[in-house]
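**Q** Sharing a structure, written as structure tokens. Questions coming.
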Amino acid sequence: MRGEADTWPEMEAVARKMAEEVETESSGSSEAETESPRSVGRWGAAPITGKTGKERVHSQVLKIREEDLCVLVEDKAANGRFVQHPRRLSFVLISRPNLPCSPLNTLEALLNGILSGTRIKALILTLSLFQLPKPETSLSLDSVSVIQVAYLIPLKPDLKEDNSSPRITLSEGPNTIGRLNVSTTDKRLSRKHITITPSASGSASLSVEGTNPVVVRSSGERKKVNPRGEVSLVNDDLIELIPGHHFFKLVLLPRESERGSYERAAKKARKEGDDVEAIRSFCPDSEKLPSTFRLLSVDGLPDWANTSCVSINDVVEGDVVAAILSNYMVDLDWLLSACPKLVNIPQVMVVHGEGDGRQEYIQRKKPANWILHKPRLPISFGTHHSKAIFLVYPRGVRVVVHTANLIHVDWNNKSQGLWMQDFPWKSDDDNIDTPKVCGFEDDLVDYLAVLKWPEFTACLPGRGNVKINAAFFRKFDYSSATVRLIASVPGYHTGSNMRKWGHMKLRTILQECVFDREFRRSPLVYQFSSLGSLDEKWLAEFGASLSSGITEDRTPLGHGDPLIIWPTVEDVRCSLEGYAAGNAIPSPLKNVEKPFLKKYWAKWKADHSARSRAMPHIKTFTRYSDQKIAWFLLTSSNLSKAAWGALQKNNSQLMIRSYELGVLFLPSPVKTQACNFSCTDNNSSTKKVKQETKGEVEKRSKLVTMTWQGDRDSPEIISLPVPYQLPPKPYSSEDVPWSWDRGYSKKDVYGQVWPR
């Protein structure tokens, strides 16, 4: 190793000599391996190569001015970087703990130091842009910082995140990606295969440096970029380094209009990064699970996007002795293959809304011990649309309310929600410990009674033969329930019955609730997957119900301005299913494109839950303020008069066509009696444990979203996995709401048009 270069000219001479050696060595190289000079802003670039045996290192010399030289060396494989600042003869090791020499004093020492005494066999050292301190300042770890503006997520062939490979950080300016960035020996990948140049403004470009083409998937279109070609990139674009192989997803960090402070920008980027993947950290404690809901798992998403999400086998588990499956659509072949445990349950009843043809098929295919029941529909154009599961165990009952039909696509490809809670059998001393009236129990039994299924008998261990009817469900203790049921049943409801169902039931419960003052005149969100034929009069009637409630000083919350979250045509086209997803968003043009609806449209944007491309079949209605929630309803009800009911006869009658069921999450007193009960855990207690409350002011739970910034471990905080962005983003002038009965000629992600 040469001695230390005491002056800048000596160092510059060393650099120039190495650059000349590179030109000599590379004169016979193939085009793919030649490091050609590239303009980088106002800096020129020339290559440097050093050799020790078979080991090889590439770097670049950047000319800031003719007499000033800056060298930046980056080890992409280990994310280690060396920086030498102009007119400073010292190098700083930013992150590479297994390199033996730090600081390094000359350019030659830097290169030789990398090549000797390390276990690295080969490095590609490429250019990244750094914010460098002024020459008169000392160089330290704090004064050298990379401006990260994007990253690449490695994907498996099924486009799920490949957690076995590290993400690739992208800095502002050119970033070279090649063979050493990918855990492969695929010789089709050049060492310098592509260059991605992201900017702080949120844009990016890709140029192909290697000899093989690259494929970019953007907005559902697949574009091949040939060698020396260039293409613009946007957030969430997929890159195939070799067509059909080595998949990456580009994630551009949010824009920062002013970058005067890189520390501030980095802090904001960290916060935004947390928001982007908020579902990754959504892991509610077991005692809080009954107070929140879960999203269903979605195929094709990275594993982290399904954190705390559930599948049908997470619901139907354990020694179930009787089951009632309530739904609209039932695919028996899929159901039995997806959840084989159902076959072993002694008694199963399916309450469904299928037509006669499908009902006959299910009747022929069903197991012998299954019973089918289709509730009566007294008013035309009604459906049995409720989606629930009731599982009876030797220890208690599991009540499940969800939004998915019993079909494959609903449980695998769409954004869906599910709530469930286990309740123990009532005991003889319940008259002492629990109130006689339980709103949840009355709501449940009243609803089940209307279904009028044929009574059947189940043999329960220790209890003998028991008749399973609506009254049977009064045998369980629902005092630990923190939600209320909001149901709809068909009919012309008058008198006290008018307030038992539909939006009038929701109005009645909200009128009895006290909310924080911050929710006065706060906005509403209506999110659903099918839009009925609406008019402004009914929308005002519905909004009045959802605007109900008071503050602690008895002041009404007042009117809330609603937004309707509804997928655009582009959302559907680029979704996981392509245009096929539109089959489950079955609203015709005549319902969707009514002029008065234009001011309500808002985008389905669900980046933080990774579900922007998983089209929503979930139905939710909520009132919110920033990331705090006054109340939240998860339901089977779409936005229609058939589902919610319409007032008639001078508001003395409520007409409902369909059966619906939902759960309402409300701020409620933090339980002074805790019962962490499970039907499937024999070690869980059925006894309620008294908690001391002497001198304590009763605390009420607070509902927040996954992106709320605060102490989630606080006992009163209930985090809800709201899948979409709050506040919602209104449509732009270019956005078109999805209608399933119009044609779309622009091809979707599968190369299909609509209708097929």
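Keep in mind that glycine also has a Cβ here, set from the backbone N, Cα and C atoms.
All annotation found in TrEMBL is predicted automatically rather than curated by experts.
As listed in TrEMBL for this protein:
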type	residues	note
REGION	1-52	region 'Disordered'
ACT_SITE	HIS385	active site, nucleophile
BINDING	LYS387, LYS619	substrate binding site
ACT_SITE	HIS617	active site, proton donor/acceptor
SITE	SER640	site 'Interaction with DNA'
**Q** What are the sequence-distant neighbours of HIS617 (active site, proton donor/acceptor), meaning same chain, six or more residues apart, C-beta distance under 8 angstroms?
**A** THR403, ALA404, ASN405, ASP410, LYS414, SER415, GLN416, SER529, ALA584
**Q** Can you tell me the CA-to-CA distance separating LYS387 (substrate binding site) and SER640 (site 'Interaction with DNA'), as a whole number of Å?
**A** 17
**Q** Relative to the Cβ position of SER640 (site 'Interaction with DNA'), how many further Cβ atoms are located within 10 Å?
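**A** Around SER640 (site 'Interaction with DNA'), other Cβ atoms within 10 Å: 24.
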**Q** List every residue in the same chain as HIS385 (active site, nucleophile), at least 6 positions away in sequence, whose Cβ is under 8 Å from its Cβ.
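**A** In sequence order, the residues whose Cβ lies under 8 Å from that of HIS385 (active site, nucleophile) (at least 6 apart) are TYR328, GLY353, SER636, SER637, ALA643, SER658, TYR659, GLU660.
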**Q** Within 10 Å of its Cβ, which one of these binding-site residues (LYS387, LYS619) has the largest number of other Cβ atoms?
**A** LYS387
**Q** How would DSSP class LYS387 (substrate binding site) in three states?
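**A** Looking at the DSSP assignment, LYS387 (substrate binding site) belongs to neither helix nor strand, so coil.
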**Q** Any idea what the Cα distance is from SER640 (site 'Interaction with DNA') over to LYS619 (substrate binding site), rounded to a whole Å?
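**A** The separation of the Cα atoms works out to 12 Å.
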**Q** Going by DSSP, give the three-state secondary structure for HIS617 (active site, proton donor/acceptor).
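**A** For HIS617 (active site, proton donor/acceptor) - judged by DSSP and reduced to three states - the answer is coil.
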**Q** By the DSSP assignment reduced to helix, strand and coil, which category contains SER640 (site 'Interaction with DNA')?
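**A** Once the DSSP labels are grouped into three classes, SER640 (site 'Interaction with DNA') ends up as coil.
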